[in-house]
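What Swiss-Prot annotates here:
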- 33-53: transmembrane segment (TRANSMEM)
- 77-98: transmembrane segment (TRANSMEM)
- H83, H182: heme b b562 binding site (BINDING)
- H97, H196: heme b b566 binding site (BINDING)
- 113-133: transmembrane segment (TRANSMEM)
- 178-198: transmembrane segment (TRANSMEM)
- H201: ubiquinone binding site (BINDING)
- 226-246: transmembrane segment (TRANSMEM)
- 288-308: transmembrane segment (TRANSMEM)
- 320-340: transmembrane segment (TRANSMEM)
- 347-367: transmembrane segment (TRANSMEM)
Amino acid sequence: MTNIRKTHPLLKIVNNAFIDLPAPSNISSWWNFGSLLGICLILQILTGLFLAMHYTADTTTAFSSVTHICRDVNYGWIIRYMHANGASMFFICLFMHVGRGLYYGSYTYMETWNIGVILLFATMATAFMGYVLPWGQMSFWGATVITNLLSAIPYIGTNLVEWIWGGFSVDKATLTRFFAFHFIFPFIIAALAMVHLLFLHETGSNNPTGISSDADKIPFHPYYTIKDILGALLLILVLMTLVLFSPDLLGDPDNYTPANPLNTPPHIKPEWYFLFAYAILRSIPNKLGGVLALVLSILVLILMPLLHTSKQRSMMFRPISQCLFWILVADLLTLTWIGGQPVEHPYIIIGQLASIMYFLLILVLMPMASTIENNLLKW
(Lines of atoms letter the chains of each structure in order from A; the text may use other names.)
(Lines give C-alpha, C1' and ligand atoms only; values in the text may rest on other atoms or scores of the structure.)
Protein backbone atom coordinates (compact mmCIF):
# COMPACT_ATOMS: atom_id res chain seq x y z
CA MET A 1 0.00 0.00 0.00
CA THR A 2 1.26 3.50 -0.89
CA ASN A 3 2.15 5.73 2.05
CA ILE A 4 -0.72 8.05 3.08
CA ARG A 5 1.53 11.10 2.78
CA LYS A 6 1.76 10.42 -0.97
CA THR A 7 -1.97 9.87 -1.56
CA HIS A 8 -3.90 12.12 0.87
CA PRO A 9 -4.90 15.37 -0.95
CA LEU A 10 -3.55 17.65 1.81
CA LEU A 11 -0.60 15.58 3.03
CA LYS A 12 0.49 15.18 -0.59
CA ILE A 13 1.08 18.96 -0.82
CA VAL A 14 3.09 18.96 2.43
CA ASN A 15 5.02 15.89 1.25
CA ASN A 16 5.96 17.46 -2.08
CA ALA A 17 7.03 20.71 -0.40
CA PHE A 18 8.86 19.53 2.75
CA ILE A 19 9.55 15.78 2.65
CA ASP A 20 10.13 14.23 -0.77
CA LEU A 21 11.13 17.52 -2.40
CA PRO A 22 14.27 16.98 -4.53
CA ALA A 23 16.83 19.54 -3.29
CA PRO A 24 20.38 20.34 -4.47
CA SER A 25 23.00 18.48 -2.42
CA ASN A 26 25.23 21.53 -1.98
CA ILE A 27 23.03 24.38 -0.70
CA SER A 28 24.74 26.26 2.14
CA SER A 29 23.41 27.92 5.30
CA TRP A 30 22.42 30.94 3.18
CA TRP A 31 19.48 28.78 2.04
CA ASN A 32 18.22 28.52 5.64
CA PHE A 33 16.69 31.99 5.71
CA GLY A 34 13.52 31.05 3.79
CA SER A 35 12.44 28.66 6.53
CA LEU A 36 13.58 31.13 9.20
CA LEU A 37 11.34 33.80 7.65
CA GLY A 38 8.43 31.35 7.82
CA ILE A 39 9.17 30.75 11.51
CA CYS A 40 9.43 34.52 12.14
CA LEU A 41 6.06 35.07 10.45
CA ILE A 42 4.32 32.36 12.50
CA LEU A 43 5.91 33.72 15.69
CA GLN A 44 4.79 37.29 14.85
CA ILE A 45 1.22 36.16 14.07
CA LEU A 46 0.98 34.22 17.37
CA THR A 47 2.51 36.89 19.63
CA GLY A 48 0.54 39.57 17.76
CA LEU A 49 -2.71 37.68 18.31
CA PHE A 50 -2.14 37.55 22.07
CA LEU A 51 -1.18 41.23 22.15
CA ALA A 52 -4.35 42.13 20.21
CA MET A 53 -6.41 40.44 22.95
CA HIS A 54 -5.29 43.12 25.42
CA TYR A 55 -4.57 46.11 23.17
CA THR A 56 -7.06 48.92 22.53
CA ALA A 57 -6.78 50.92 19.29
CA ASP A 58 -7.87 54.26 20.70
CA THR A 59 -5.74 57.39 21.09
CA THR A 60 -6.73 57.83 24.74
CA THR A 61 -6.00 54.26 25.85
CA ALA A 62 -3.50 52.75 23.35
CA PHE A 63 -0.36 53.76 25.29
CA SER A 64 -1.90 52.69 28.62
CA SER A 65 -3.02 49.35 27.17
CA VAL A 66 0.57 48.56 26.11
CA THR A 67 1.77 49.50 29.62
CA HIS A 68 -1.00 47.29 31.03
CA ILE A 69 0.18 44.37 28.84
CA CYS A 70 3.73 44.75 30.19
CA ARG A 71 2.76 45.22 33.85
CA ASP A 72 -0.45 43.28 34.50
CA VAL A 73 -0.95 40.59 31.85
CA ASN A 74 0.59 37.19 32.64
CA TYR A 75 3.87 37.07 30.72
CA GLY A 76 2.63 40.09 28.75
CA TRP A 77 6.10 41.68 28.88
CA ILE A 78 7.73 38.69 27.17
CA ILE A 79 5.00 38.54 24.49
CA ARG A 80 5.38 42.27 23.81
CA TYR A 81 9.18 42.13 23.56
CA MET A 82 9.15 38.93 21.50
CA HIS A 83 6.85 40.71 19.06
CA ALA A 84 8.94 43.91 18.92
CA ASN A 85 12.30 42.13 18.64
CA GLY A 86 10.76 39.42 16.46
CA ALA A 87 10.26 42.17 13.86
CA SER A 88 13.99 42.94 14.03
CA MET A 89 14.87 39.26 13.57
CA PHE A 90 12.38 39.13 10.68
CA PHE A 91 14.18 41.97 8.90
CA ILE A 92 17.66 40.56 9.60
CA CYS A 93 16.52 37.31 7.95
CA LEU A 94 14.88 39.26 5.10
CA PHE A 95 18.03 41.24 4.32
CA MET A 96 20.16 38.06 4.45
CA HIS A 97 17.64 36.25 2.21
CA VAL A 98 17.60 39.06 -0.38
CA GLY A 99 21.40 39.38 -0.18
CA ARG A 100 21.73 35.65 -0.85
CA GLY A 101 19.43 36.04 -3.87
CA LEU A 102 21.57 38.88 -5.23
CA TYR A 103 24.88 37.08 -4.67
CA TYR A 104 23.91 33.72 -6.13
CA GLY A 105 21.74 35.06 -8.98
CA SER A 106 18.48 33.60 -7.62
CA TYR A 107 16.66 36.56 -9.22
CA THR A 108 16.72 34.71 -12.55
CA TYR A 109 13.67 32.84 -11.21
CA MET A 110 11.55 35.84 -12.23
CA GLU A 111 8.16 34.91 -10.71
CA THR A 112 9.66 33.83 -7.39
CA TRP A 113 11.82 36.97 -7.25
CA ASN A 114 9.00 39.42 -8.08
CA ILE A 115 6.68 37.89 -5.48
CA GLY A 116 9.61 38.18 -3.06
CA VAL A 117 9.90 41.92 -3.77
CA ILE A 118 6.14 42.30 -3.17
CA LEU A 119 6.59 40.36 0.09
CA LEU A 120 9.38 42.76 1.11
CA PHE A 121 7.13 45.79 0.48
CA ALA A 122 4.22 44.17 2.35
CA THR A 123 6.45 43.35 5.34
CA MET A 124 7.83 46.89 5.45
CA ALA A 125 4.29 48.33 5.36
CA THR A 126 3.20 45.97 8.15
CA ALA A 127 6.18 46.83 10.36
CA PHE A 128 5.62 50.56 9.84
CA MET A 129 1.94 50.33 10.83
CA GLY A 130 2.82 48.16 13.84
CA TYR A 131 5.30 50.77 15.07
CA VAL A 132 2.47 53.34 15.19
CA LEU A 133 0.27 51.24 17.48
CA PRO A 134 1.93 51.81 20.91
CA TRP A 135 1.13 55.53 20.36
CA GLY A 136 4.37 56.85 21.82
CA GLN A 137 6.11 60.01 20.58
CA MET A 138 8.08 58.23 17.86
CA SER A 139 4.96 56.26 16.82
CA PHE A 140 2.97 59.45 16.31
CA TRP A 141 5.68 61.54 14.66
CA GLY A 142 6.95 58.64 12.56
CA ALA A 143 3.41 58.14 11.24
CA THR A 144 3.04 61.88 10.60
CA VAL A 145 6.35 62.23 8.74
CA ILE A 146 6.14 59.06 6.63
CA THR A 147 2.47 59.40 5.60
CA ASN A 148 3.09 63.09 4.86
CA LEU A 149 5.61 62.05 2.18
CA LEU A 150 2.66 61.07 -0.03
CA SER A 151 1.71 64.76 -0.22
CA ALA A 152 4.69 65.10 -2.60
CA ILE A 153 2.67 63.27 -5.27
CA PRO A 154 1.54 65.93 -7.76
CA TYR A 155 -2.14 66.97 -7.88
CA ILE A 156 -3.63 64.19 -5.69
CA GLY A 157 -0.98 64.23 -2.90
CA THR A 158 -2.77 66.31 -0.24
CA ASN A 159 -6.12 64.57 -0.76
CA LEU A 160 -4.40 61.18 -0.59
CA VAL A 161 -2.70 61.98 2.74
CA GLU A 162 -5.94 63.25 4.32
CA TRP A 163 -7.74 60.17 3.02
CA ILE A 164 -5.14 57.89 4.66
CA TRP A 165 -5.27 59.91 7.90
CA GLY A 166 -9.07 59.93 7.95
CA GLY A 167 -8.91 63.62 8.93
CA PHE A 168 -6.58 66.61 8.87
CA SER A 169 -3.90 65.04 11.07
CA VAL A 170 -2.79 61.67 12.45
CA ASP A 171 -5.53 60.93 14.99
CA LYS A 172 -7.96 58.29 16.26
CA ALA A 173 -9.14 57.33 12.75
CA THR A 174 -5.52 56.78 11.65
CA LEU A 175 -4.72 54.59 14.67
CA THR A 176 -7.80 52.36 14.27
CA ARG A 177 -7.24 51.79 10.55
CA PHE A 178 -3.53 51.09 11.08
CA PHE A 179 -4.47 48.48 13.70
CA ALA A 180 -6.95 46.87 11.28
CA PHE A 181 -4.36 46.77 8.48
CA HIS A 182 -1.59 45.61 10.81
CA PHE A 183 -3.79 42.69 11.84
CA ILE A 184 -4.78 41.59 8.31
CA PHE A 185 -1.46 42.10 6.50
CA PRO A 186 0.48 39.18 8.04
CA PHE A 187 -2.18 36.80 6.69
CA ILE A 188 -1.80 38.34 3.23
CA ILE A 189 1.98 37.91 3.65
CA ALA A 190 1.44 34.24 4.60
CA ALA A 191 -0.69 33.69 1.47
CA LEU A 192 1.92 35.42 -0.72
CA ALA A 193 4.67 33.33 0.89
CA MET A 194 2.80 30.19 -0.20
CA VAL A 195 2.65 31.53 -3.77
CA HIS A 196 6.37 32.39 -3.47
CA LEU A 197 7.03 28.74 -2.53
CA LEU A 198 4.74 27.45 -5.28
CA PHE A 199 6.73 29.32 -7.94
CA LEU A 200 10.03 28.21 -6.38
CA HIS A 201 8.97 24.56 -6.55
CA GLU A 202 8.17 24.96 -10.25
CA THR A 203 11.90 25.41 -10.91
CA GLY A 204 13.57 23.91 -7.83
CA SER A 205 16.14 25.66 -5.67
CA ASN A 206 19.20 27.44 -6.99
CA ASN A 207 22.59 26.47 -5.48
CA PRO A 208 25.88 28.28 -4.69
CA THR A 209 27.48 27.39 -8.05
CA GLY A 210 24.53 28.69 -10.10
CA ILE A 211 24.85 25.54 -12.24
CA SER A 212 21.90 23.13 -12.76
CA SER A 213 21.80 20.55 -9.98
CA ASP A 214 19.28 18.23 -11.68
CA ALA A 215 21.90 15.46 -11.84
CA ASP A 216 22.57 15.62 -8.10
CA LYS A 217 19.43 15.91 -5.95
CA ILE A 218 18.76 14.65 -2.42
CA PRO A 219 15.43 14.41 -0.53
CA PHE A 220 14.56 17.45 1.60
CA HIS A 221 13.82 15.20 4.59
CA PRO A 222 15.88 14.33 6.67
CA TYR A 223 18.83 16.37 5.32
CA TYR A 224 17.36 19.85 5.14
CA THR A 225 14.68 19.39 7.82
CA ILE A 226 17.41 18.82 10.43
CA LYS A 227 19.41 21.72 8.97
CA ASP A 228 16.35 24.00 9.21
CA ILE A 229 15.75 22.90 12.82
CA LEU A 230 19.33 23.91 13.70
CA GLY A 231 18.76 27.29 12.02
CA ALA A 232 15.49 27.73 13.92
CA LEU A 233 17.17 26.96 17.26
CA LEU A 234 19.88 29.55 16.56
CA LEU A 235 17.21 32.10 15.55
CA ILE A 236 15.27 31.50 18.78
CA LEU A 237 18.50 31.65 20.81
CA VAL A 238 19.41 35.08 19.37
CA LEU A 239 15.82 36.36 19.71
CA MET A 240 15.43 35.23 23.32
CA THR A 241 18.87 36.60 24.25
CA LEU A 242 17.73 39.96 22.89
CA VAL A 243 14.32 39.76 24.59
CA LEU A 244 15.58 38.64 28.01
CA PHE A 245 18.80 40.67 28.30
CA SER A 246 18.32 43.90 26.33
CA PRO A 247 14.74 44.15 25.05
CA ASP A 248 14.98 47.91 24.40
CA LEU A 249 18.36 47.82 22.63
CA LEU A 250 16.84 48.36 19.17
CA GLY A 251 13.94 50.56 20.25
CA ASP A 252 13.71 54.33 20.69
CA PRO A 253 13.50 55.82 24.22
CA ASP A 254 11.12 58.49 22.83
CA ASN A 255 8.47 55.81 22.41
CA TYR A 256 8.17 55.56 26.21
CA THR A 257 6.71 59.07 26.16
CA PRO A 258 2.99 59.15 25.22
CA ALA A 259 2.21 60.77 21.85
CA ASN A 260 1.93 64.55 22.03
CA PRO A 261 0.97 66.45 18.84
CA LEU A 262 2.19 69.72 20.43
CA ASN A 263 5.75 68.55 21.09
CA THR A 264 8.00 67.39 18.24
CA PRO A 265 10.95 65.13 19.22
CA PRO A 266 14.35 66.61 18.23
CA HIS A 267 15.29 63.64 16.03
CA ILE A 268 12.50 61.78 14.24
CA LYS A 269 13.76 58.44 12.99
CA PRO A 270 12.18 55.06 12.13
CA GLU A 271 13.21 51.63 13.44
CA TRP A 272 16.77 50.53 12.51
CA TYR A 273 15.63 48.35 9.58
CA PHE A 274 14.27 51.38 7.70
CA LEU A 275 17.23 53.69 8.34
CA PHE A 276 19.02 52.91 5.05
CA ALA A 277 15.93 53.96 3.05
CA TYR A 278 15.38 56.96 5.36
CA ALA A 279 18.97 58.11 4.71
CA ILE A 280 18.39 57.91 0.94
CA LEU A 281 15.15 59.90 1.37
CA ARG A 282 16.90 62.63 3.39
CA SER A 283 19.92 62.87 1.09
CA ILE A 284 17.85 64.53 -1.65
CA PRO A 285 16.91 68.17 -0.88
CA ASN A 286 13.70 67.93 -2.94
CA LYS A 287 10.57 66.35 -1.41
CA LEU A 288 9.28 64.52 -4.51
CA GLY A 289 12.83 63.53 -5.52
CA GLY A 290 13.44 62.09 -2.06
CA VAL A 291 10.21 60.07 -2.13
CA LEU A 292 11.06 58.70 -5.60
CA ALA A 293 14.58 57.74 -4.45
CA LEU A 294 13.08 56.07 -1.36
CA VAL A 295 10.70 53.93 -3.45
CA LEU A 296 13.34 53.21 -6.10
CA SER A 297 15.85 52.06 -3.47
CA ILE A 298 13.68 48.95 -2.98
CA LEU A 299 12.01 48.85 -6.41
CA VAL A 300 15.44 48.61 -8.05
CA LEU A 301 15.39 44.93 -6.97
CA ILE A 302 12.80 44.24 -9.68
CA LEU A 303 15.36 45.38 -12.28
CA MET A 304 17.99 42.86 -11.12
CA PRO A 305 17.21 40.20 -13.78
CA LEU A 306 17.45 42.92 -16.49
CA LEU A 307 20.76 44.21 -15.12
CA HIS A 308 22.34 40.73 -15.14
CA THR A 309 24.92 40.88 -17.93
CA SER A 310 27.16 37.99 -16.81
CA LYS A 311 27.28 34.65 -18.65
CA GLN A 312 27.42 33.01 -15.23
CA ARG A 313 24.51 33.00 -12.82
CA SER A 314 26.23 33.04 -9.44
CA MET A 315 28.98 35.33 -8.14
CA MET A 316 30.84 32.28 -6.80
CA PHE A 317 33.44 32.39 -9.60
CA ARG A 318 33.37 36.18 -10.21
CA PRO A 319 35.84 37.98 -7.91
CA ILE A 320 35.25 41.52 -9.30
CA SER A 321 31.47 41.22 -8.81
CA GLN A 322 32.05 39.74 -5.34
CA CYS A 323 34.13 42.76 -4.41
CA LEU A 324 31.40 45.15 -5.61
CA PHE A 325 28.73 43.13 -3.79
CA TRP A 326 30.52 43.51 -0.44
CA ILE A 327 31.08 47.22 -1.15
CA LEU A 328 27.29 47.43 -1.62
CA VAL A 329 26.78 45.72 1.76
CA ALA A 330 29.20 48.19 3.40
CA ASP A 331 27.38 51.04 1.65
CA LEU A 332 24.03 49.87 3.07
CA LEU A 333 25.55 49.68 6.56
CA THR A 334 26.86 53.24 6.09
CA LEU A 335 23.38 54.40 5.02
CA THR A 336 21.86 52.66 8.07
CA TRP A 337 24.28 54.55 10.34
CA ILE A 338 23.61 57.89 8.59
CA GLY A 339 19.82 57.41 8.81
CA GLY A 340 20.10 57.46 12.60
CA GLN A 341 22.23 60.64 12.73
CA PRO A 342 20.99 64.27 12.86
CA VAL A 343 20.87 66.29 9.63
CA GLU A 344 24.13 68.24 10.02
CA HIS A 345 27.68 68.33 8.65
CA PRO A 346 29.41 65.88 7.97
CA TYR A 347 26.48 63.43 7.98
CA ILE A 348 24.64 65.18 5.12
CA ILE A 349 27.47 64.77 2.60
CA ILE A 350 28.27 61.21 3.75
CA GLY A 351 24.59 60.29 3.24
CA GLN A 352 24.52 61.88 -0.21
CA LEU A 353 27.71 60.09 -1.31
CA ALA A 354 26.46 56.76 0.08
CA SER A 355 23.11 57.22 -1.73
CA ILE A 356 24.84 57.98 -5.06
CA MET A 357 27.14 54.99 -4.47
CA TYR A 358 24.14 52.70 -3.82
CA PHE A 359 22.45 53.41 -7.16
CA LEU A 360 25.76 53.62 -9.02
CA LEU A 361 26.81 50.15 -7.79
CA ILE A 362 23.53 48.46 -8.69
CA LEU A 363 22.73 50.22 -11.97
CA VAL A 364 26.19 50.83 -13.46
CA LEU A 365 29.21 49.27 -11.76
CA MET A 366 27.92 45.72 -11.19
CA PRO A 367 26.62 45.21 -14.77
CA MET A 368 29.91 46.68 -16.07
CA ALA A 369 31.96 44.35 -13.87
CA SER A 370 29.97 41.37 -15.21
CA THR A 371 30.76 42.38 -18.80
CA ILE A 372 34.46 42.79 -17.95
CA GLU A 373 34.47 39.31 -16.37
CA ASN A 374 32.88 37.85 -19.50
CA ASN A 375 35.64 39.42 -21.63
CA LEU A 376 38.38 38.24 -19.26
CA LEU A 377 37.09 34.69 -19.72
CA LYS A 378 36.85 35.31 -23.51
CA TRP A 379 33.10 34.49 -23.43
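Cβ atoms are placed via backbone N, Cα and C, with glycine included.
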Q | For the residue listed as 'ubiquinone binding site': intrachain residues, at least 6 apart, with Cβ closer than 8 Å | A | N16, A17, L21
Q) Counting only residues 6+ apart in the same chain, whose Cβ is under 8 Å from the Cβ of H196 (heme b b566 binding site)? A) T112, I115, G116, L119
Q. When only pairs 6 or more apart in sequence are counted, do the transmembrane segment (288-308) and the transmembrane segment (113-133) reach 3 or more Cβ pairs under 8 Å?
A. yes
Q.
Could you check whether the transmembrane segment (178-198) and the transmembrane segment (33-53) come into contact, where contact means at least 3 Cβ pairs under 8 Å with the two residues of each pair 6 or more apart in sequence?
A. yes
Q. So, in DSSP terms, is H196 (heme b b566 binding site) helix, strand, or coil?
A. helix
(Q) Out of 33-53, 77-98, 113-133, what stretch is closest in contact terms to the transmembrane segment (226-246), meaning most Cβ pairs under 8 angstroms? (A) 77-98
Q. Restricting to the same chain and to residues at least six past its boundaries, which positions have a Cβ under 8 Å from a Cβ of the transmembrane segment (113-133)?
A. 48, 55, 57, 62, 66, 87, 90-91, 94, 97-98, 101, 106-107, 139-140, 142-143, 146, 174-175, 178-179, 181-182, 185-186, 188-189, 192-193, 195-196, 199, 270-271, 273-274, 298-299, 301-302, 304-305
Q: Report the same-chain neighbours of H97 (heme b b566 binding site): residues 6+ apart in sequence with Cβ closer than 8 Å to its Cβ, ordered by sequence.
A: F33, G34, L37, G116
